[in-house]
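J.: Would you mind keeping the following structure in view while I ask a few things?
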Amino acid sequence: MASAHGRLGQHFLAVLDVALRVPSIFIIDAIFNSYSDPGAGWTGTAGRVLIRALGILVSSVVLVLSQKSLFKFYTLFTAVLLGGATVLVNYYGTSRGAEALLPLRNGPTLWLALALLQLLLGLGYVALLNVQSLCAALVVVDIMAPLCGLMAELPADTRQTLALASGVILAAHAAVNLLLKLKWFYYSCRYVYLLLRHMYRIYGLQLLLEDTWKRIRFPDILRVFWLTRMTAQAVILVYVVRVVRSESGLQLGWDVFWDLFSNLIISGCDSTLTVLGMSAVISSLAHYLGLSILAFIGSTEEEDKRLGFVAPVLFFILALQTGLSGLKPEERLVRLSRNMCLLLTAILHFIHGMTDPVLMSLSASHVSSVRRHVPVLLVSLVLFALPVLLSHLLWHKFELNTWLFAVTAFCVELCLKVLVSLTVYALFMIDGFYNVLWEKLDDYVYYVRSTGNVIEFVFGVIMFGNGAYTMMFESGSKIRACMMCLHAYFNIYLQAKNGWKTFINRRTAVKKINSLPEVKGTQLRDIEDVCAICYQEFATSARITPCHHYFHALCLRKWLYIQDTCPMCHQRVYIEDDGHERVAFSNNNGYAAPAQERAEFEEDRGGAEAGGAVGGAEPENELLEDNDSIEYDEDEWGTQPGAAPVEEDYINNDDDDTDSS
């Protein structure tokens, strides 16, 4: 029970912390959107600039205050507001009468209600400022004095003088209290400055900004700011519509609701802060959408939960790239809808990246449960159908332009990626259904994926050309140029480089496999062993490494994609000129005929002793020229003169480690 109350209290403090920081965002947004008169003189302009800069500075400081300092600041601020309210009540009561403040008739009820109001305001003032008892009583008496003069029906001049004196005394008391708190404010600011400087020197600017971003819960602040602003504007618009309807008899239809919604959306992205607020709302929606899809398809990957980060960043970049907040209202609505279409296609691409590993895992591990396959296949079909439907609708409503071309290209690319994933999934499912080693499976998967990668690369080049045309002839900007450079590097250059590297590695592995001797027929049956990689029997053929270990050609080729060493003994797999005619009959347990073993070692290692285990001597002709392969010294894998040979248990343990890797 205590822990539940503690969590509830923490949540309440977090909500209050966010709510108290939101007014700073409103003030900064109002300052940035305020109108400046160009006809004013330089003194007026300088004064307005100074006031705006001071307002932004104070709001920014309040925004990044610690929670304790923030609560203390609002305590003092509320006390000043209560003191100002008591002065205003006394002024209006003495100058215009008590009836101007409370909708009550003149009489004991009116005086009692007014006295209670002033008493509550005065008690709140002294409580928030933590005034001592004697001084607090004097402050309350000072606040109630003008009301007493009003009840005693003193002359008007006397009452106004009494109200003015009461206000001056209260203002002096508040000023003295604030001056006494100035020392605390100075040390608080100095502490924050020293803390920020210390964090900057140790962790750098990036970690400092990230820590501040998380500490003040800036996304939540932006989200509350945008939703509050939109709610207030919606209330105002609905009130205006109701007034117009009552005066002119306007009927509420879908056109009216669409106009209201359009005006709200247009005003919701009219500044940089409102665009950030909309990005925060999109982040929340995308986050929960990603979590729902992950739960539906049964994925537990942590990296797939980044949709709530990718979607708002992309939306904000698109807004900056197109100058969304600086456009006219009509153009802003059109541009926002186009950006949303691009964002939708990007989200669909990201969701495909979430479902593809699950598809491959289910098919490669041969999961037989239909319940596990149906959700992923259903999401894949939706990912294929939505781009087709979106392209169909857009082509029927808009003419061809660079934006429509980009959206269509993204949709077609997504459909092709889904087809590639489903094709590979079908190949793996067919392989698991027949329970027979399909040696061509890896080739077919490679061909399908390579085709998809080539098409994706072509689309990347086309999109680069489309962006270059847009930048030169439609709307060029520095942000668009930077995004095009990033696109050219990540989606064109790196993709081409990685694809070519994969092709070279595969071709090298195929050459190595083809250079190794192959065993078939009766010689294959004499091995009486299984492949040490897949633990399956040799049905048709096997490849022999120079260290006399047997593997399926497909299994060994996959291994050689990673490193150029034997999975059993870690000796390099290399080509010998005369090795094609010489085949040693052995098995994966390391046994071989003594004479043949001595001949092999005398030729490869220059006459090492016959009892030695398979060594790690470096070969004369290396297939790989890189340094990524694993090399071991003879002290580790070979035997010294007089030393015992490597035991069979050690080899078997190494085999298990290889399989687990």
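Along the chain as shown, residues are numbered 1 onward.
Cβ coordinates come from backbone N, Cα and C, glycine included.
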J.: Looking at the candidate ranges 73-93, 220-240, report the one that TrEMBL labels transmembrane segment.
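T.: Checking TrEMBL against the ranges 73-93, 220-240, the transmembrane segment one is 73-93.
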J.: State the residue range annotated as transmembrane segment by TrEMBL; the candidates are 339-355, 526-542.
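T.: Transmembrane segment, as annotated by TrEMBL, spans 339-355.
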J.: Should anything in the same chain at least six residues away from the transmembrane segment (135-156) have a Cβ under 8 Å from its Cβ atoms, list it; otherwise answer none.
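T.: Residues 86, 90, 93-95, 98, 111, 114-115, 118-119, 121-123, 125-126, 162-163, 166, 169-170, 173.
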J.: Please give the sequence-distant neighbours of the transmembrane segment (375-395): residues at least 6 beyond its ends with Cβ less than 8 Å from one of its Cβ atoms.
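T.: Residues packing against the transmembrane segment (375-395) from afar: 293, 296-298, 341, 344-345, 348, 351-352, 355, 358-359, 362, 404, 407-408, 410-412, 414-415, 418-419, 421-422.
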J.: For the transmembrane segment (12-33), I need the partner stretch with the highest count of C-beta pairs below 8 angstroms, choosing only from 109-128, 273-297, 309-327, 339-355, 402-430.
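T.: The stretch I would name here is 273-297.
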J.: Quickly jot the same-chain residues contacting the transmembrane segment (309-327) by Cβ under 8 Å, restricted to those at least six beyond its ends, or write none.
T.: 269-272, 274-276, 278-280, 282-283, 285-286, 335-336, 338-339, 342-343, 346-347, 350, 475, 477, 479-480, 483
J.: Any chance you could find the range in 73-93, 109-128, 162-180, 339-355 with the most Cβ pairs under 8 Å to the transmembrane segment (273-297)?
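T.: So the stretch in question is 339-355.
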J.: How about the transmembrane segment (109-128) and the transmembrane segment (162-180): at least 3 CB pairs under 8 Å, pairs 6 or more apart in sequence, or not?
T.: no
